[in-house]
Structure formats: C-alpha cells, structure tokens
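Novice: Here it is, the structure, as structure tokens.
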Amino acid sequence: MHTPVWDDSREVMSEWIGTAKARIQNPTTQRRFVLVIVCVALLLDNMLYMVIVPIIPDYLRSIGAWEKIESTSAPVGPNTTAKTDVEYKNEEIAIGVLFASKAVVQLMVNPFSGTLIDKIGYDIPMMIGLSIMFLATTVFAFGTNYFVLFIARSLQGVGSAFADTSGLAMIADRFPAEEERTKALGIALAFISFGSLVAPPFGGILYEFAGKVVPFMILAVISLCDGLLLLFVIKPYGERRWQMPTGTPIYRLIIDPYIAIAAGALVVANISLAFLEPTISIWMKDEMKAVSWQTGIIWLPAFVPHVFGVIITVKVSQRWPHFQWLYAAIGLVVIGLSTFVVPFCQTFTLLILPLCGICFGVALIDTSLLPTLGYLVDTRYVSVYGSVYAIADISYSVAYAIGPILASEIVEDLGFLSLNIIIGVVSIGFGPVLLGLRKVYDIKPKLHEDTMLLTEDPPKGLYNSVKAQLEQDGGVNGYFGNHNAYKLHDNGAVQKKSGHQVLQNETYEDTSGSNDSLNHNQADGFRPSNNHVRRVVSRNPESSSISEQDD
C-alpha cells in the first residue's frame with residue numbers, strides 16, 4: 001500500500017521527467033545538444049590523438065620494447081671515464097609508424113564513412129564512432145606491447161572517420177543559416193584546438209604521477225558520457241531514413257573545382273602542424289637544451305590566438321561573407337611567415353610567438369573554409385553533408401599521415417631550417433590558388449539535376465521529386481535552392497526563406513502510388529482513393545530535414 005508521501009513523490013518525479021523530456025525535444029534545445037555532443041567528440045578525438053605523445057615512447061622503453069645498442073667511447077683524458085651511449089634499435093621509425101597509423105586508417109575509411117552517412121543519416125555513424133573510440137581508448141589503457149598499441153591507434157582512426165565526419169555534417173545540417181553555421185563550426189574548431197594543445201601536458205602529468213591507465217580511462221569515460229548524451233537526440237530509423245534526400249556521390253564532390261581548392265587549402269594549412277609537431281621537440285632539445293616540460297607545453301599558449309582567430313573570422317564573416325577566400329589566403333600567408341621565423345628563435349619565450357602565428361593562421365583557414373564547403377553543397381548539389389565533410393577529414397588525414405614520416409626524413413637529410421622553408425614556401429605559394437573561390441558566394445542555388453552527369457539516372461526519392469516537379473511547373477526561373485532555404489506553396493510557387501524558416505505542412509498527392517512521383521492536389525474537396533497516397537511534406541521550424549508522413 002502506497003503512502004501519500006510516496007504517491008506525491010511519484011507525481012512530482014513524473015512531472016519533472018515530463019518537463020525535462022519536453023525541453024529536450026524542443027528543437028532549439030536539440031540543436032544545442034547536438035553542438036555539445038559534436039564538440040565533446042572532437043575534443044575527445046584530438047586529445048586521444050595527442051595524449052600519447054608524452055606517454056607511449058617512454059612506456060615502450062620502460063617495458064623493453066626495443067633492443068638496446070650500447071656504445072662506449074674512449075676517455076678523453078687520463079682522469080676521465082669512458083662515456084656510454086644507449087640507442088634503441090628502430091625506435092624512431094616504429095614510433096613514427098605508430099603515430100601515423102591513425103591518419104592512414106582514417107584516410108582509407110573516410111570515403112566509406114562519408115557515403116554511409118549520406119545514406120543513413122548522421123546520428124548512427126556518430127554513435128559508431130564514439131563506440132569505436134571508447135574501445136580504442138580502453139585498449140590504449142591496458143595494452144602492454146607495441147602490436148596492441150598499434151591496433152588501438154588504428155582503431156582510433158576508424159572511430160575518427162565516423163565521429164569527425166558525422167559531427168561536422170550534423171552541425172551543417174542542424175544550423176542551415178550561414179551565420180549560425182559559421183559560428184557553430186567555429187566553436188567546434190575551438191574544441192579541436194583545445195584538445196590538441198591541452199592533451200600533451202594532461203597526459204604527461206597524469207602519466208608521471210598516476211601511471212598509463214589513468215589518462216586513457218578518463219578519456220574513455222568522456223566517450224561513454226558523450227554516447228549517452230547522443231541517445232537524447234537520436235532519431236528512430238524510419239523517421240531518419242525518410243528525412244534523408246539522396247546525397248551526391250563523393251567522387252563527384254572531389255572533382256568539383258571549388259571543393260578541390262578548399263580541400264587543398266585545408267591540407268596545406270595542416271601541413272605546418274603535422275610537420276612541426278613530431279620534429280620541434282627534438283630540435284628544442286638540441287638547440288635550446290630544453291627540458292621535457294618545455295617541449296610538452298610549447299604549443300599550449302597557441303590555444304589563445306587560435307580561439308582569437310576563430311572569433312575574428314566568425315565576426316568578419318558575418319559582416320563580409322563574400323570574402324571567406326581572402327580570410328583563408330591571409331591565414332596561409334601568416335602560417336608561411338611564421339614558419340620562416342621558427343628556426344631563428346633561440347629561447348623558449350621567443351619560440352612561442354611564431355607558433356602562435358601558425359595556430360592563428362590555421363584558425364583563419366579552417367573557420368572560413370569549413371562553412372564554405374557546406375555552402376557549396378547547398379548551392380551546387382543536394383544538402384547532404386556526409387561526403388563533403390568526409391573530404392575535409394581526408395584533407396586533415398593526408399597532412400597527418402605523411403607528416404610524422406616525411407618531416408623526419410627532411411630534417412635528417414636537409415635540416416630543420418630547410419623543413420621550415422619548405423613549409424613556408426608551400427603555404428604562401430598556395431595563397432593565390434584561393435582566388436578561385438572569390439565568386440563562390442555569388443553562385444545562385446541551382447537544381448541538383450542541372451549538375452547531374454548525363455549517364456546518371458533521374459532523381460529519386462521524395463526530395464528530388466519535389467524539385468523535379470517544381471522545375472516542370474516553372475519553379476523560379478529554373479532555380480531551386482537547398483531544402484534549408486525555400487518554401488514551397490500549394491500553387492507551385494517558391495518563396496525564399498531565411499535561416500531555418502522552411503517548409504511547413506505543404507501537401508502533395510502521389511497519383512502513381514510511387515514515392516518518387518508527386519503531383520499537386522486536385523480541386524478542393526478531393527480525397528484520394530485507395531490507389532492514391534496522400535503525403536504531407538513538413539519542416540520543423542527549428543529542424544533541418546524534410547520529413548514525410550501519410551495523412
């Protein structure tokens with residue numbers, strides 16, 4: 001028998017749960033949830049990428065993973081002792097392969113993950129990515145030999161290919177207005193930077209005082225919590241599948257000249273980081289006699305100018321959005337000039353300045369070009385973002401796949417000064433190429449069918465069928481924007497909307513019984529027979545995907 005107090009408590013709890021559920025299902029809250037989930041996933045991925053830098057080399061030495069080669073030099077004088085040098089056979093090559101394996105695997109998986117995201121939506125691939133990263137982090141924590149750690153690093157590449165690509169695509173999808181999208185992607189980039197820069201001191205300190213397991217288990221718990229948060233915004237499969245229009249194949253996006261230029265700029269921007277991160281610590285020890293804590297935190301002050309660069313780019317992009325290419329070009333020049341200065345810095349304090357310049361330039365490029373990729377898909381193709389952000393992820397992976405190996409070879413053969421000159425020349429030299437993007441924001445939104453290859457099949461699915469019907473009925477001078485930007489009325493007219501104010505409760509009738517053939521309603525009072533399926537195409541004002549239901 002329940003007491004009145006128990007009944008009151010149950011009623012209060014039920015009311016609280018109902019209120020919380022209503023708030024979570026609110027479209028604005030959902031968008032914020034998505035941004036938090038994506039930012040945490042990107043933070044986790046980049047922390048896991050960099051946290052092994054101060055941990056794994058020392059750990060592998062401590063467990064005797066390498067064969068020791070001892071060499072003894074003769075005494076230089078009568079009162080001196082012989083000097084014994086210890087080298088570890090194949091250590092540098094093996095560590096370089098271990099570090100690069102994540103980017104190599106990510107590079108191979110990205111085309112598949114981008115295509116899958118375009119087909120099934122963003123949330124399930126995000127859950128797959130977080131689950132794999134949780135597994136990889138756990139393996140890192142308890143792995144006790146080189147082979148197991150190599151497997152963990154490779155697993156991280158698979159998880160990153162799903163989590164990073166789906167995360168950026170989720171932001172582009174949930175924030176369709178260009179101003180909001182740029183701001184949201186800027187926040188995500190700040191978390192990427194923070195994860196990369198804070199991870200080495202985070203891992204080094206915890207490894208020193210708590211052992212190898214603790215830093216990795218903390219990251220595993222973060223991954224688990226992020227996956228639980230994702231459950232609050234994940235959609236049922238049936239609803240999610242109806243909401244996904246047919247995406248553009250990744251091979252068509254890669255050969256698009258605008259997307260190719262933007263992807264190339266992302267590769268060049270990240271070459272500076274990918275080449276300097278594995279080589280600068282050794283150079284600091286040789287030239288500055290730097291101690292371990294200095295090499296561990298040398299990149300940490302650069303977080304401030306990186307965030308400042310993100311904020312600056314977001315602000316100026318809101319006022320002058322047509323100059324995104326110029327902001328990226330300025331970023332490349334800043335990176336190039338900064339790398340020229342790095343080899344001439346003789347103290348720890350002076351070295352911080354050009355590294356801050358490099359991170360500031362990277363922020364300008366990433367913050368301006370990632371929204372541009374989404375805009376190009378909106379205006380030239382179908383607004384499905386998995387493949388285009390897989391291309392962005394491929395760009396990062398290319399830089400970090402070749403960086404640890406190629407940079408070490410250049411330093412060994414030509415020297416650290418030559419490495420920086422090469423980076424600077426490539427960065428500044430790519431700047432004029434971005435002139436090819438100067439007219440991107442003048443492109444009018446076109447029908448997806450206008451850009452189809454002649455060998456491809458006609459448009460399929462609800463989304464493209466609606467657009468094909470509009471074109472047949474006249475549309476708006478042959479143009480039709482992405483599903484984030486236009487409202488379709490019952491009379492066939494198209495009204496441009498702004499931001500997330502989009503299709504709401506427009507009705508069509510499928511007289512053929514096919515999902516791919518939609519016609520306008522007949523006269524008032526007409527009700528479809530059993531051979532007719534009446535469809536309702538609706539857009540939530542705060543959502544970004546078309547949904548379809550039977551009436």
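Backbone N, Cα and C atoms are what each Cβ position is placed from, and that goes for glycine too.
Residues annotated as transmembrane segment in TrEMBL: 33-56, 124-148, 184-207, 213-234, 255-276, 296-314, 326-344, 350-370, 382-402, 414-437. TrEMBL lists 34-441 with the feature domain 'Major facilitator superfamily (MFS) profile'. Feature annotation from TrEMBL assigns region 'Disordered' to 507-551. For 507-522, 540-551, the entry in TrEMBL reads compositional bias 'Polar residues'.
Just tell me what is around each of these and how deep it sits.
Specialist: Within its own chain, the transmembrane segment (184-207) has Cβ neighbours under 8 Å at 35, 38-40, 42-55, 58-59, 167-168, 171-172, 174-175, 214-215, 218, 292-293, 296-297, 299-300, 302-303, 306-307, 310-311, 313-314, 359, 363, 366-367, 370-371, counting only residues six or more beyond its boundaries.
Panel annotation: around the transmembrane segment (213-234), residues 24, 30, 33-34, 36-37, 40-41, 43-44, 47-48, 51, 55, 123-124, 126-127, 130-131, 133-134, 137-138, 140-142, 202-203, 206-207 of the same chain, lying at least six beyond its termini, place a Cβ under 8 Å from a Cβ of the stretch.
If one looks beyond the transmembrane segment (255-276) by at least 6 residues along the same chain, the residues whose Cβ comes under 8 Å of a Cβ in the stretch are 328, 331-332, 335, 338-339, 342, 355, 358-359, 361-362, 365-366, 369, 372-373, 376, 380, 388, 391-392, 394-396, 398-400, 402-404, 406-407, 410, 419-420, 423, 426-427, 430, 433-434, 436-437, 440.
Sequence-distant contacts of the transmembrane segment (296-314) (same chain, at least 6 residues past either end, Cβ-Cβ under 8 Å): 54, 182-183, 186-187, 189-190, 193-194, 196-198, 200-201, 204, 277, 280-281, 284, 290, 327, 331, 348, 351-352, 355-364, 366-368.
Nonlocal intrachain contacts for the transmembrane segment (326-344), taken as residues 6+ away from its ends with a CB within less than 8 angstroms of a stretch CB, comprise 265, 268-269, 272, 276, 280, 309, 313, 316-317, 351, 353-355, 357-358, 360-365, 367-369, 416-417, 420-421, 423-428, 430-432, 434-435, 437-438.
For the transmembrane segment (350-370), the residues of the chain that approach it from at least six positions outside its boundaries are 168, 182, 185-186, 189, 193, 262, 265-266, 269-270, 272-273, 276, 284, 288, 298-299, 301-310, 312-314, 317, 324-325, 327-328, 330-335, 337-339, 341-342, 389, 392, 427, judged by C-beta separation under 8 angstroms.
Residues of the same chain lying 6 or more positions beyond the ends of the transmembrane segment (382-402) and with a Cβ under 8 Å from any Cβ of it are 100, 102-104, 106-107, 110-111, 113-118, 122, 125, 157, 160-161, 164-166, 168-169, 172-173, 176, 244-250, 253-254, 259, 263-264, 266-267, 270-271, 273-274, 370, 373-374, 376, 448, 463-464, 482-484.
Outside the transmembrane segment (414-437), and at least 6 residues removed from its termini, the chain residues within Cβ reach (under 8 Å) are 257-258, 261-262, 264-265, 268-269, 271-272, 275-276, 279, 283, 324-326, 328-329, 332-333, 335-337, 339-340, 342-343, 361, 372, 407.
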Novice: Could you tell me what the rest of the chain brings near the transmembrane segment (33-56), counting residues at least six beyond its ends with Cβ under 8 Å?
Specialist: 24, 95, 98-99, 102, 126, 129-130, 133, 136-137, 140, 149, 153, 156, 159-160, 163-164, 167-168, 170-171, 174-175, 184, 187-188, 191-200, 202-204, 207, 212, 215-216, 219, 222-223, 225-226, 229-230, 232-233, 277, 292, 296
Novice: Give me the mean pLDDT over the domain 'Major facilitator superfamily (MFS) profile' (34-441), rounded to a whole number.
Specialist: 83
